[in-house]
Every structure is written in C-alpha cells, then in structure tokens.
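K.L.:
Swiss-Prot lists these features:
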- 8-28: transmembrane segment (TRANSMEM)
- 53-73: transmembrane segment (TRANSMEM)
- 87-107: transmembrane segment (TRANSMEM)
- 118-138: transmembrane segment (TRANSMEM)
- 160-180: transmembrane segment (TRANSMEM)
- 203-223: transmembrane segment (TRANSMEM)
Amino acid sequence: MWWFQQGLSFLPSALVIWTFATFIFSYITAITLHHVDPALPYISDTGTIPPERCLFGVMLNIAAVLGIATMYVRYKQVHALNPEENLIIKLNKAGLVLGILSCLGLSLVANFQKSTLFIVHVCGAVLAFSMGSFYMFVQTILSYQMQPKIHSKQVFWVRLLLVIWCGVSALSMMTCSSILYSSDFGPDVVQKLHWNPEDKGYVLHLVTTAAEWSMSFSFFGFFLTYIRDFQKITLRVEANLHGLTLYDTVPCPVNNERTPLLSRDFQ
C-alpha cells in the first residue's frame with residue numbers, strides 16, 4: 001500500500017500539490033503572455049488578466065474546498081483523540097472557524113481580481129493570510145497540548161518553526177506593503193503589473209512579493225505535517241432512512257445504510 005493510500009493522508013497532499021500547481025500554472029501562463037514580470041510578481045497578479053485569470057480562479061476555488069475538507073478532518077481527529085479536554089475542545093473549534101474563514105478569503109481572492117474589485121480582493125487576501133496564520137498558531141498550540149502522549153515533540157517543534165517562518169514573512173509583507181502604498185510612488189502603484197528596477201518603490205515591491213511567496217510556502221510546509229497524522233484516520237458517512245419510499249408516509253424503522261465516506265475503506 002502506497003503512503004497516500006493510508007487513511008486520509010491524500011487530503012493534505014492533494015491540497016498542497018493542487019495549490020502549488022495553481023500558482024505555477026498561472027505564473028507560467030502570465031509570464032509567457034508577458035502579462036507580468038518574471039521577477040517575483042504578486043501571486044494574485046498572475047491571475048489578473050485572461051486567460052490565466054480563468055485558470056487561477058477555477059483552481060484556487062478547488063484549493064479552497066480541499067482546504068476546508070482537510071481542516072474538517074483535522075478537527076474531527078483532534079476531537080476524537082481528546083473528547084473530554086475542555087481547553088483542547090475550545091481551541092479545536094476555534095481552529096476550524098479560523099480555517100473556514102481563511103478558505104473563504106482564498107475564494108474571494110480567486111473570484112475578485114484587483115483590477116475589477118480591489119477592495120474585495122484585498123479583504124479576501126487579508127482574510128486568507130491572517131486567518132490562515134492564526135489557524136497555524138492554534139494548531140501548533142494543540143500540538144503542544146497533545147505532546148508527548150498523542151503528538152511527538154518533533155511534530156510540535158516543526159510546526160512551531162513553520163509558524164515563526166509564517167510570522168516573519170507576514171510582518172515583512174505588512175511593513176513593506178504599508179510603506180509602499182502609503183508613500184508617494186505614483187497613482188498607479190496599486191494596479192501596477194510591470195515593475196522596472198528604476199521605478200520608485202521597486203525594492204519595497206520585491207520585498208513584499210517575496211514575503212508573500214514565502215508565507216505561502218510556510219502554509220504548504222505546515223499542511224504537509226498533516227500527512228503522517230492523516231494516515232491514522234478514516235471517516236464514514238451514514239444514511240438514515242425515514243421510510244421505505246420517497247413519498248409522504250408514516251415513518252417506519254428501517255435498516256440504516258453505512259458505507260465509507262469515499263466508497264472504500266483505507267486500512
């Protein structure tokens with residue numbers, strides 16, 4: 001049995017691979033058509049102009065769905081492992097809410113480009129990155145609370161390092177972007193897709209975009225740490241029938257149907 005066939009480990013793997021492919025495919029398309037510069041554009045800039053905008057939107061929406069699925073499985077796993085720990089239960093619920101909000105922001109980024117509705121696009125990006133960062137932080141606290149009985153110390157330290165990486169990237173991005181957009185670097189700096197080294201604010205732009213890419217890769221690394229955990233969990237779906245027909249009838253007891261969530265049982 002391959003490693004990705006064990007439990008639900010394919011979920012975080014698919015999330016990372018699919019999201020990375022989204023960024024790479026839209027980047028290659030935008031570069032090939034000369035819609036952006038090769039040197040570190042904003043991630044969303046590679047999905048601003050058709051046809052890469054269509055590709056970016058569709059693929060990023062699917063990534064958001066994969067993200068919610070991954071976070072929900074993580075929520076169910078932590079809940080099953082700690083059914084009576086009040087602190088862990090509260091943190092686990094908070095983590096799920098933060099994760100869903102982050103995925104909502106990701107979907108907003110996918111569907112509202114900065115060239116059309118800039119405010120909505122920025123709100124989506126802030127939601128995705130900020131809630132995603134807090135989600136990582138909460139999950140790291142959960143890892144600390146559950147080690148060494150359930151989680152190994154190594155997993156906690158790896159996740160802590162990834163959270164620190166994410167925090168440094170976020171701080172760099174916020175600082176440089178605030179200076180870039182609040183200073184007098186021209187009226188089109190917000191919508192600008194092509195930058196030259198002699199342009200005002202070029203260095204700030206590069207640092208901001210580099211921090212954005214760096215932050216995204218810290219997310220990738222964090223979700224990859226879920227693979228080993230997800231090898232030890234499966235989910236099932238249960239159909240409860242209220243009658244023997246689909247007409248309006250008096251409810252009668254019938255046998256419930258139970259099948260694996262994905263039509264096969266990974267053991």
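Every residue gets a Cβ built from N, Cα and C, even glycine.
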K.L.:
Contact between the transmembrane segment (203-223) and the transmembrane segment (8-28) is defined here as three or more C-beta pairs under 8 Å separated by at least 6 residues; is that satisfied?
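P.N.:
By the criterion, they touch.
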K.L.:
Select the range from 87-107, 118-138, 203-223 that forms the most Cβ-Cβ pairs under 8 Å with the transmembrane segment (160-180).
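P.N.:
When the Cβ pairs under 8 Å are tallied, 203-223 comes out ahead.
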